[in-house]
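Structure first, commentary second.
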Amino acid sequence: MYLFFSNLSFNDICIITTTIPKMLMNVQSHDQSITYLGCLSQVYLIVNFGSIESCLLAVMAYDRYVAICHPLKYTVIMNHYFCVMLLLFACSLALHMCLFHILMVLILTFCTKTEIPHFFCELAHIIKLTCSDNFINYLLIYTVSVLFFGVHIVGIILSYIYTVSSVLRMSLLGGMYKAFSTCGSHLSVVSLFYGTGFGVHISSPLTDSPRKTVVASVMYTVVTQMHGPFIYSL
């Protein structure tokens, strides 16, 4: 579990450093411009680290399931080799995910001077500002995202269904409280990350007001990561 915590914390730092330093530099210099290559780099890194975050949250849900439902077999099932392989598999999935999205952005054409109503280059806003037809991009992005993140969400839900049913059968109140507190902190992060993330990408093509999507983006790229250590320490 601590291996996943450490990697999740490192990934959270990477997500924050992808967006906040550039935003602060823009505020200090009063220059809101960003190069095309720099914008693509932000899209790539955000999608990559966001995908890794999703994979890690799903893996941690499975880890909690094994720890609570099969405590005597935990060290056998979640051995170091298996945990490392899960992390490598998560990074590999995230890499393929972000490469797909970057390739889909590269085939689009943009005007010479385009204003992004956001504090960083977010994929949904970039596609919305293209000068070419973006229907295929939206269709493929939503299809792939639903399949990619949907599998993680279903896995998390199934893990917690079995976990909660196992906790409710516990006779000791102390063990039940400890199990619920551990699961509750993880579920809080999951709800905050997926809720705001899906809100941004679903509402972006449907609304003309960027303010709401910017607030949601701050929640899943900054607030979730900064509050993660505090939530897990409760």
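From the backbone N, Cα and C atoms, a Cβ is placed for every residue, glycine too.
Since the structure is predicted, the reported quantities are computational estimates derived from the model, not experimental observations.
Marked as transmembrane segment by Swiss-Prot: 1-11 (among others).
Taking DSSP states H, G and I as helix and E and B as strand, the topological domain 'Extracellular' (12-42) has 25 helix, 0 strand, 6 coil. If you look up Swiss-Prot, you'll see 12-42 (among others) marked as topological domain 'Extracellular', on the strength of sequence analysis.
Under the heading disulfide bond, Swiss-Prot lists C39-C121. Under the DSSP three-state reduction, C121 (disulfide bond) is assigned to coil, being neither helix nor strand.
Annotated transmembrane segment per Swiss-Prot: 43-62 (among others), in sequence order.
Annotated topological domain 'Cytoplasmic' per Swiss-Prot: 63-84 (among others), in sequence order, evidence recorded as sequence analysis. When pLDDT values are averaged over the topological domain 'Cytoplasmic' (63-84), the model yields 89.
Residues or ranges marked as transmembrane segment by Swiss-Prot on the basis of sequence analysis: 85-105 (among others).
Look at Swiss-Prot and you will find 106-138 (among others) tagged as topological domain 'Extracellular', backed by sequence analysis.
Beyond the transmembrane segment (139-160), the same-chain residues lying 6 or more positions past its ends with a Cβ under 8 Å from any Cβ of the stretch are 51, 54-55, 57-58, 61-62, 64-65, 93, 97, 100-101, 104, 123, 127, 183, 187, 190, 194, 197-198, 201. The transmembrane segment annotation in Swiss-Prot covers 139-160 (among others).
Residues or ranges marked as topological domain 'Cytoplasmic' in Swiss-Prot: 161-182 (among others).
The annotation transmembrane segment is assigned in Swiss-Prot to 183-202 (among others).
What Swiss-Prot lists as topological domain 'Extracellular' is 203-212 (among others), and the listing cites sequence analysis.
The annotation transmembrane segment is assigned in Swiss-Prot to 213-234 (among others) on the grounds of sequence analysis.
Counting every protein chain shown, 23 other Cβ atoms lie within 10 Å of the Cβ of C121 (disulfide bond).
Long-range Cβ contacts of the transmembrane segment (43-62) within its own chain (Cβ-Cβ under 8 Å, at least 6 residues beyond either end) map to 1, 4-5, 7-8, 11-12, 14-15, 18-19, 86-87, 89-91, 93-95, 97-98, 101-102, 105, 120-123, 126, 148-149, 151-153, 155-156, 159-160, 186, 189-190, 193-194, 197, 220-221. The Cβ of C39 (disulfide bond) lies under 8 Å from the Cβ of I116, C121, I126, each of which sits 6+ residues away along the same chain.
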